[in-house]
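As written in Swiss-Prot, here are the features:
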type	residues	note
BINDING	10, 15, 16, 17	FMN binding site
């Protein structure tokens, strides 16, 4: 059975990244009978930010944690389990101030854990989350995949860096961009993204 982890992060009711990502996850599920989609709406149900109790707890062996510390890492443990169980991960975000939504960053902070999803060695860090395929649906008012504004796109390099640090290197970005350039440009961008979703699903 294939597991697809869908992470949506836009707080906007009229979000375009969310429905396109959800459509991709559903199409991938339909291509492989028996597949399941595990969805985390990070905007509708925000995750806890890491705090002093959490950072102290994850530095201890699980058996040495107090009841309060166990409770502090419970959500993180669940998120990590979902990540390891997933074969495919679909992430949606808008480009907000040149980066990802804070709700998605909080998910990353909860799953990036030394000794769990990556480890330090004498020869450098080693990612422990391997064999995953990631699709990132990124929506933006301007064009940031190429051209003069491309250096301002910190979202894709950041996601590739942090996911790569965890061991996930097979990452494709589906851009839904130029949405602020008028109805015709927006329609074209949405159509291109939907076409790519169809291509990915057919090739799955």
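Quick reminder: no glycine exception, Cβ is built from N, Cα and C everywhere.
Note that the structure is predicted; figures quoted are calculated from it, not measured.
The Cβ of residue 17 (FMN binding site) has 26 other Cβ atoms within 10 Å, all protein chains considered. When each of the binding-site residues 10, 15 is scored by how many other Cβ atoms sit within 10 Å of its Cβ, 15 comes out lowest. Other residues of the chain with a Cβ within 8 Å of the Cβ centroid of 10, 15, 16, 17, the FMN site, are 8, 12, 14, 18, 19, 20, 21, 92, 93, 94, 137, 139, 176. With a cut-off of 8 Å between CB atoms and residues at least 6 apart in sequence, the same chain places 139, 176, 179, 190, 193 near residue 16 (FMN binding site), listed in sequence order.
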